[in-house]
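To keep things clear, I will list the structure first and then write my remarks on it.
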Amino acid sequence: MMKHYNYALGLTWTIILFVVPLPLIQTLAAGLPLAYSDEFQAIYFGAIAYAWMLAAIYLSTRPKWLDRLIGLPDMYLIHGVISIAAIFLAYLHQSQTQSVGWIKTTGDWAYWLLLGLLGYSLLFMAGWLTSRISVIKRIKAWFEPIFRHEVSVWIHRLNLVATVLVFIHVILINYVTAIKPFMIWFYLYSVLTLVTYVWAKYRDSMTYPRATLIKNTEIAENVHELRLKLTTNLELLPGDFVFISFPTIQGLKELHPFSLVNSPTNNNVIQLAIRGDGDFTKALANIPEGTPVRVVGGYGRYQQFLNERSEFTNIVIIAGGVGIVPLLSMMEANANRVISLFYTAHRAEDLLYPEKIMDWQRRGKFQAYQQVGRFVDSEVLRRLPKDFQTNSLFLIGGPSGMMRHWKRVFKKYGVPAGHLYAEEFNW
Ligand SMILES: Cc1cc2nc3c(=O)[nH]c(=O)nc-3n(C[C@H](O)[C@H](O)[C@H](O)COP(=O)(O)OP(=O)(O)OC[C@H]3O[C@@H](n4cnc5c(N)ncnc54)[C@H](O)[C@@H]3O)c2cc1C
């Protein structure tokens, strides 16, 4: 069971990198005229780049079946990596082939558009990068008042225009369109991607279950708890996150991800605790009860991670600030396991849900250590269960730097990577 996730992740990478482009390469290899033999390799690069661009678009639709196997953060990582790789292959393709007229124009436009969007996306949409490199983080923060996330999402969608340009580029090349088996695969992939994308957009905007905001309370300075009454059943697991938006409020129509505070039960009320970090999250303070909410999800692998490792009784949870939210849901849902919680915040008043934590202390099998400011490594290590390297699972939630720190510490003290799980709040 434990290998399940690694196996699914490896298989996903293999299928996208090798299996998806294969029919295009095979049919091209069998059909390209020998007169172009100098350019065969570059043409294959172009075909692989197109296949990866389509795969990246497919992943951007957040296929739920894949999320439960490998998780959305890994899906976004694959999306980012294959997009960069596709642009690299597009560069090789462009620099090693000769073309003229509209074939050249469409190819060049697509290439430069993709390159520009790559730079933009790395700066504004790659949280995994900005959280690691402080210069990029500062540049992003500087520009963010202009290029807000909603604007970035729209700019990022220009990738679709680049893909259409590549599509036109290909159908203008006579000696390629003459290869019927290639064109069948080419149209099949293109149409499938288009249908999936359009369907996902339709699903997100029209058919997805709605909810109503039934309570909006400030539970700490700058943190609001939203209680949503779902009007349709959603497939939710403890620790999941959902995307929400407010279709009736201008400026709040773009979906944003937030984790569940409560363990989803059959009363169809979900709780979210949201810190006011930017335009969307700050505006939540003023949303009146009764407002309709679009909810998409759930996504996430926290509960799946525990279910796949049911033989472990001890769970160690390290949480910082608002990063505790999905772990609250996990603690509520997994009362049968022995849980040690280490929770820190910058200020005492930022420690969320003290009453829940106190309650759980009374149920036994639960020990909480909370403090203002960081824990010293040795303090945490001293309080871990005996033989924690072999009998404990570790869940971590908080700022990216904190998550990386504790992963490093636990690995250093012998915890296998497969016993640690964390979902970052930025991708
Ligand atoms: C899986 C997950 C679970 C989360 N759970 C919680 C939670 O329980 N409580 C909480 O307070 N916050 C949570 N967040 C963070 C929350 O989504 C962002 O703070 C929020 O979207 C910021 O939007 P904004 O417009 O207010 O701020 P902005 O100023 O636009 O953005 C602040 C930061 O959030 C990023 N961001 C903005 N919009 C999105 C988006 N739609 N998708 C991904 N990143 C975005 C931006 O790139 C930027 O780094 C979670 C994030 C993720 C990825």
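Quick reminder: no glycine exception, Cβ is built from N, Cα and C everywhere.
Annotated domain 'FAD-binding FR-type' per TrEMBL: 206-305, in sequence order. Across the domain 'FAD-binding FR-type' (206-305), DSSP classifies residues as 14 helix, 44 strand, 42 coil.
Packing against the transmembrane segment (41-59) from elsewhere in the chain are residues 16-17, 20-21, 24-25, 28-29, 32, 66, 75-76, 78-79, 82-83, 85-87, 89-90, 92-93, 95-97, 159-160, 162-163, 166, 170, 176, 186, 189-190, 193, 196-197: each is 6 or more residues past its ends and has a CB under 8 Å from a CB in it. Residues or ranges marked as transmembrane segment by TrEMBL: 41-59 (among others).
What TrEMBL lists as transmembrane segment is 71-91 (among others).
Under the heading transmembrane segment, TrEMBL lists 111-130 (among others). With a threshold of 8 Å between CB atoms, the same-chain residues lying at least 6 positions outside the transmembrane segment (111-130) that come near it are 77, 80, 83-84, 86-87, 90-91, 94, 136-137, 139-140, 143-144, 147, 149, 152, 155-156, 158-159, 161-162, 165, 400, 424, 426-427.
Here the transmembrane segment (158-176) has Cβ contacts under 8 Å with residues 28, 32-33, 36, 43, 49-50, 53-54, 56-57, 83, 99, 101-103, 106-107, 109-110, 113-114, 117, 182-183, 186, 190, 197 of the same chain, all six or more residues outside its ends. The transmembrane segment annotation in TrEMBL covers 158-176 (among others).
Summarising the annotation, TrEMBL assigns transmembrane segment to 182-200 (among others).
Positions annotated as transmembrane segment by TrEMBL: 312-331 (among others).
Note on the transmembrane segment (71-91): residues 5, 9, 12-13, 16-17, 45-46, 48-50, 52-53, 55-56, 59-60, 62-63, 110-111, 114-115, 118, 121, 126, 128, 159, 299-301, 423-424, 427 of its chain, located 6 or more positions outside it, place their CB under 8 angstroms from a CB of the stretch.
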